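Among the features that Swiss-Prot reports, substrate binding site is placed at ARG5, LYS6, SER92, MET93, ARG94, GLN159. The annotation FMN binding site is assigned in Swiss-Prot to SER61, SER62, MET63, THR64, SER92, ASN120, LYS189, SER214, THR219, GLY269, LEU270, ARG271, ALA290, ARG291 on the grounds of sequence analysis. The Mg(2+) binding site annotation in Swiss-Prot covers GLU160.
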Amino acid sequence: MIEKRKEEHIRIAENENVSAFHNYWDDVYLMHEADPEVNYDDIDTGVDFLGKHLGFPMVISSMTGGAEIAKKINYNLATVAEKYQLAMGVGSMRAAIVNRSLSDTYSVINERNVPIKIANIGAPQLVPQGKEAIDEKDIAYIYDLIKADFLAVHFNFLQEMVQPEGDRNAEGVIKRIKELSGSFNIIAKETGSGFSKATAQRLADAGVKAIEVSGLSGTTFAAVEYYRAKNEGNAEKMRIGETFWNWGIPSPASVYYCSDVLPVIGSGGLRNGLDLAKAISLGASLGGFARTLLKDADQSVEAVSRNVEMIEREFKVAMFLTGNKNVYELRKTKKVIGEPLKEWMEV
């Protein structure tokens with residue numbers, strides 16, 4: 001059943017409109033410098049993140065695994081991550097715990113030298129859901145499976161509310177994270193609805209190392225699950241998905257809130273290198289791309305490479321036009337915030 005759901009998620013994300021109605025990165029404007037006083041060829045896009053060096057401040061965000069079609073996608077993404085020295089996450093690894101025969105759909109990334117590898121498990125699986133929660137041995141298995149540097153714990157409770165088979169219990173998640181943080185380097189990750197500053201602080205107090213905001217702007221899993229419910233003829237879940245299609249904290253606002261608390265991966269609706277530059281300017285350490293790369297990854301390494309090369313070029317152009325020689329200078333660049341994002345930034 002999990003494998004079928006993974007396949008459905010991939011095909012829906014590729015073929016349906018599952019984006020939020022507004023991309024809030026369009027409300028961020030970087031200040032242009034007519035005389036940048038920078039040599040484009042000397043611009044340094046390298047960055048250090050939690051003790052690891054990357055050639056470019058980009059994460060291939062967690063997307064897939066647990067289905068045969070995911071194996072090729074993860075292999076292609078890992079090949080590109082090695083080539084351009086990018087961080088990479090895999091999709092939820094619950095499938096590998098339930099069915100070990102699916103493990104190679106994740107471990108395939110070990111065939112490439114990815115500088116930062118991020119394992120992945122859902123926050124709902126950390127607490128009982130009518131059955132026992134996964135234990136530390138299960139998490140150690142998936143962590144070791146891809147020789148991970150970090151464990152992403154993804155918070156997808158909106159998705160769970162729309163899923164026909166969704167989990168309903170969130171009580172005790174922070175407690176479990178605190179227990180696990182002594183054994184694993186944890187990154188808290190949303191899946192399209194963002195984190196508030198208060199939640200970020202609770203996670204920091206529980207020992208989380210960083211946050212991937214994955215806020216409202218790009219793919220919304222309420223929409224993904226709306227289409228699954230539609231295909232299954234589940235009118236109740238369709239209505240919930242439609243009602244909460246645009247639920248969440250805008251990605252740029254979530255970056256702004258959380259960057260005072262923990263290192264942040266800005267994600268949720270990033271489409272190009274300019275969006276990435278905007279995320280860095282708001283306080284993100286890295287930017288995460290997912291659906292932007294998915295169709296290419298389903299085709300070939302070359303297709304993903306072309307996309308990543310364009311993202312990097314656009315990012316450098318944005319750095320040049322704002323007069324910044326390195327990523328650390330970009331974080332201080334002047335910006336203008338437009339409506340409706342401005343209201344969120346003032347909360």
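Indices start at 1 and increase along the chain as displayed.
Cβ coordinates come from backbone N, Cα and C, glycine included.
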Given the binding-site residues ARG5, LYS6, ARG94, LYS189, and counting only Cβ atoms in the protein chains shown, which has the most within 10 Å of its Cβ?
LYS189
At the Cα level, what's the spacing in Å between LYS6 (substrate binding site) and MET63 (FMN binding site), rounded?
10
Select the closest residue to SER61 (FMN binding site) from the following binding-site residues, measuring between CA atoms: ARG5, SER92, MET93, GLN159, GLU160.
SER92
With H, G and I counted as helix, E and B as strand and the rest as coil, say where DSSP puts LYS189 (FMN binding site).
strand
Length of the line joining the Cα atoms of MET93 (substrate binding site) and ALA290 (FMN binding site), in Å:
17
Quick check: of the binding-site residues listed here (SER92, ARG94, GLN159, GLU160), which one has the Cα closest to that of THR219 (FMN binding site)?
GLN159
How many Å separate the Cα atoms of MET63 (FMN binding site) and SER92 (substrate binding site)?
8
Shortest C-alpha distance to LYS189 (FMN binding site) - which of the binding-site residues ARG5, SER92, GLU160:
SER92
